[in-house]
Amino acid sequence: MSYKSAIEKLKLIPQSQKKYNIFCYINNDATKSLKHNSSLSHLKYKPLQNVICGIKDNIVTKDMPTTCASEILSGYVSPFDATCVKLLRDQGVTISGKTNLDEFGMGSGGVHSKIGPTLNPLYDDIPTIVGGSSSGSAAAVAANIVDFSLGTDTGGSVRLPAAYTSILGFKPSYGRISRHGVIAYAQSFDTVGILSKDIQMIKKIFNILDKHDFKDPTSLDDDNRQKLIDLKLHNSEMQSHTYRIGLPIEFINKATPNNVSELFNGFVERLLSMGHELVPLSIPSIKYSLPIYYTLVPSEAASNLSRYDGIRFGTRDKDTDIEGNTLFASTRNKFGTSVKERVILGNYNLCSDSYKNNYIKAQKMRVQLIDEFDSIFKLPNILTQNAKNLQYKTHAVDFIIGLTSAKFPEPIHKFNKNIINTNEESNDDEAALFANEFMNDIYTIPMSLSGLPTISIPTKDGAPVGVQVVGQYGDDERLLTFTESILTES
């Protein structure tokens, strides 16, 4: 990356912002920061000093506002940088701004933001969704104004917009990248992800961010990281250049449009031509992923968002609630509709009867899904299997594949009105949008429930349809190397 190309990217930001609404906040000091890093002597050389990135606006930065695209956090500036931001700054990365998102990460279209929807740079003729919730992060990469972006992935929020913009979107194994400084949506799912057009850039950034962080209690500790290293040293089979790849029958949908199926079939043919073996397999609990996810995630969200009352956290509403005998109802009314819906659903899930009948069952089924994934991968799961049984299973698969989404990105007006096919008609536009967004992550949620490393790869250059490649927990490096080989072959 050259200084000249970095300057050119920064110059394009105002025009791209006007066209696509990519940023919640633009860093006007980015050029100054870039010049400073580039002027350092060779003794203070930073390896990424000419690299430009965007940071999703739910990852805190000490010199820029972090609003989660919500009125309730208007003007909030953190007193510290998130761990991932600090690690990038230490390497000389220049942050161009805070990218737009669905409010608090809740949405799959990139339309629920206090500053309005992010538009897809692939579609200049008609306003089209970019996917969410890391909408601005994907659009910034697609518009060629950053070298990479950081997003967060709770149920597909990095992978879906990556697919819709024909770029790479990588969700690492849960715990590999620190969540310290990420404003929580659902803490047992939230994962910092990387978006770029360049697989080498993703590998480079992941290597920088893949560190244990004592500030994050969910960060993978050094002992388990050593187990991953030992597995690679003691299993020479992992160094193979041809792989056994599984295709879950649960990911095959007869209703998938022909143009999407053709792109997916072309991707499969490419893998076969490279000498890889593809085998059908079944992961039965995948079909329960949506109800499991929408029982657990809104419950965690309701708990996390209860702190935004205008007293401890959040912008205090000017209208007082004292006369109505409430302390913060008007303040919490600053949440958008999509957030309110999830908070209501989450509080219901945590009610006494629902907690016993639904929440606990969902947790048990999540464990069952993880066990089923463990049974089909050659590599053992270091977190769930006894250390004495960490054996490489030659009869199983190295990776699995499936579509990231079964459709092309929709025009915004259609996305907002789209109603899933049901036996009952509804005139409730908000309910219709919520139902549509429930279904959007149907292919991405199983891997989020299981914490597995997953990358969305374009089926071909410029096509807004992605294929997910999924590895066993902790097998991130091999997944990225495999991805690189696929892209080199295309």
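Note that Cβ sites are derived from N, Cα and C of the backbone, with glycine treated the same way.
Just so you know, TrEMBL annotations are computer predictions that nobody has curated.
Quick caveat, the model's predicted, so the values are computed rather than measured.
Per TrEMBL, the features are as follows:
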DOMAIN    13-480  domain 'Amidase'
ACT_SITE  K56  active site, charge relay system
ACT_SITE  S133  active site, charge relay system
ACT_SITE  S157  active site, acyl-ester intermediate
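Taking the features listed in TrEMBL, we show where each one sits on the structure.
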residue: K56; record: active site, charge relay system; Cβ within 10 Å: 32
residue: S133; record: active site, charge relay system; Cβ within 10 Å: 36
residue: S157; record: active site, acyl-ester intermediate; Cβ within 10 Å: 37
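Cα of K56 (active site, charge relay system) to Cα of S157 (active site, acyl-ester intermediate): a distance of 11 Å. Distance from the CA of S133 (active site, charge relay system) to the CA of S157 (active site, acyl-ester intermediate) is 5 Å. Averaged across the domain 'Amidase' (13-480), pLDDT for the predicted model comes to 91.
The secondary structure of the residue listed as 'active site, acyl-ester intermediate', as reduced to three states from DSSP, is coil rather than helix or strand.
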